[in-house]
Amino acid sequence: MQGARRETRSRDSGVMLRVEGRCSPAEPPGESLFFFLMRQEKLHTVPTASNPGTGWKRFHVFINQRARRWSFPRSWTSAPCLRAAVASPVVPRGESQMLLLFPQEKHVNMLHIESRKSRRRSSEVEIFVDCECGQTEFSELVQLLKSQSTVVMPNPPASIWAEGEELDDVPWFPRKISELDRCSHRVLMYGSELDADHPGFKDDVYRQRRKYFVDVAMGYKYGQPIPRVQYTAEETRTWGVVFRELCKLYPTHACREHLDNLPLLTQHCGYREDNVPQLQDVSAFLRERSGFTVRPVAGYLSPRDFLAGLAYRVFHCTQYVRHGSDPLYTPEPDTCHELLGHVPLLADPKFAQFSQEIGLASLGASDEDVQKLATCYFFTIEFGLCKQEGQLRAYGAGLLSSIGELKHALSDKACVKAFDPKTTCLQECLITTFQDAYFVSESFEEAKEKMRDFAKSITRPFSVHFNPYTQSIEILKDTRSIENVVQDLRGDLNTVCDALNKMNQYLGI
């Protein structure tokens, strides 16, 4: 048999099929995969030795169901395959009709075909076929092969990508924690440039101070200690006003987790009315409590860059203090917002996991999906409400750092809805005014489960896993990478089982 080659390629790759069989000149047309391939590519037969005593010629057929880009194996004999014995006629070139094994209505697209002598036996001929179809069509094709085969052994490839393939169509995201340096420096607004309606726009001293904080943040690199700031008397006074007024509201407005962690921050990080805490101390405290750390940032980041930090349990924090002319208002996140709103909740392990999972869901997602995740983040981690002991309590940092909006959100004037990511992601986010609506969850656990379900709707051709040992993101795209995660889970489960057994022995169960 003489082979033919079509160099068409698809970006997709997937399951490859290998069929091994024998051709019988006596078989009628209409039942032959082999005959169809000859018809499709205008192949013709080449005399070869027949199997003694049968007159049947042996051949191999390889079929590739493509789902992502795929490279041809160096050795067909070691490639993932499906092997079957198939009876087919050998007929001269051009003397056939289209066979039913690959009918057009099945939507199986032929992309490539080639043949060669078998490496196993000189009397055999191998045919490689590359085709494109959906999973349903492929399953039907396998069933058709099974109906004409004596042995069928499916073995899908280990990976949905070729070895070494880059994620060309996927938006860039940091693969290791040090690459957050690239994200942290892409500030969208504010920093040292203030809008005309900013309280500090006409204050040259304040603007110069803001430039100092920008320089500190832009000069910071991963692994360095966060520079300690000598806050001015005016900055400390502004912090003190915000701290004092908010602490009056927390017992009746803040969630339990916030109330539990605030005294610890006072003890370990110097949370006091007369002292602005240092980010380096806060970062060390969070690392011991929940694995989160903070790093300085000059101003607003894009949703994609900010959420990427959460995936690594890194929170981008500003170090500057709002303008002293109006301590109870700021049009942007400042250190009062970060330290009083976010940090007490990030010290809670359950809340930390909730935050990280939103970040992980954003990696490699489309701009549209990232915006949906950012909106859900806004109405949960920034302005979320929860129910505790039958009462509404705030856990959103935007509420916990704003005296006026914290009072408003828990009053009868606020519009409160049940948190549902599918509808919440459509709500408009307001920056300089109170929100039109707030969303309540029964617990962090409920909000986390709803976000997990919502994340499954995000279109992304892979899953990701955060490796806490290497501080890197692992792309789960093949069986080997998944097996590594399973091994870690297996070790954790063994530890849990051992602990339960020892508890049972101690209790005499």
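Using the three backbone atoms N, Cα and C, a Cβ is placed for every residue, glycine included.
As annotated by TrEMBL, L-tryptophan binding site applies to TYR300, ARG322, THR330, SER401, ILE431. Positions annotated as Fe cation binding site by TrEMBL: HIS337, HIS342, GLU382. Among the features that TrEMBL reports, domain 'Biopterin-dependent aromatic amino acid hydroxylase family profile' is placed at 158-504.
Within 10 Å of HIS337 (Fe cation binding site), as judged by C-alpha distances, the binding-site residues found are THR330, SER401; the full candidate list was TYR300, THR330, SER401, ILE431. Long-range Cβ contacts of SER401 (L-tryptophan binding site) within its own chain (separation 6+, distance under 8 Å): VAL242, LEU246, CYS336, HIS337, LEU340, GLY341. Note: HIS342 (Fe cation binding site) has non-local neighbours PHE315, CYS317, ILE381, ALA397, i.e. same-chain residues 6+ apart with C-beta under 8 A of its own C-beta. Residues PRO331, GLU332, PRO333, ASP334, HIS337 surround the recorded L-tryptophan site, their Cβ atoms falling within 8 Å of the Cβ centroid of TYR300, ARG322, THR330, SER401, ILE431, which are themselves excluded. When the record's L-tryptophan-binding residues TYR300, ARG322, THR330, SER401, ILE431 are compared pairwise by CA position, the greatest distance found is 17 Å.
Surrounding the centroid of the Cβ atoms of HIS337, HIS342, GLU382, where the record places Fe cation, the chain contributes additional residues within 8 Å, namely PRO333, GLU338, GLY341, ILE381, GLY396, ALA397, GLY398, LEU400, SER401. Annotation for ILE431 (L-tryptophan binding site): spatial neighbours PRO331, criterion Cβ-Cβ under 8 Å with sequence separation of six or more. Counting only the Cα atoms, the space from GLU382 (Fe cation binding site) to ARG322 (L-tryptophan binding site) is about 18 angstrom.
A C-beta separation below 8 Å, combined with a sequence spacing of at least six in one chain, links ARG322 (L-tryptophan binding site) to PRO199, THR238, VAL242, TYR329, THR330, ASP334, CYS336. The Cβ neighbour count for GLU382 (Fe cation binding site), using a 10 Å radius over every protein chain in view, is 21. Over the domain 'Biopterin-dependent aromatic amino acid hydroxylase family profile' (158-504) the predicted model carries a mean pLDDT of 92.
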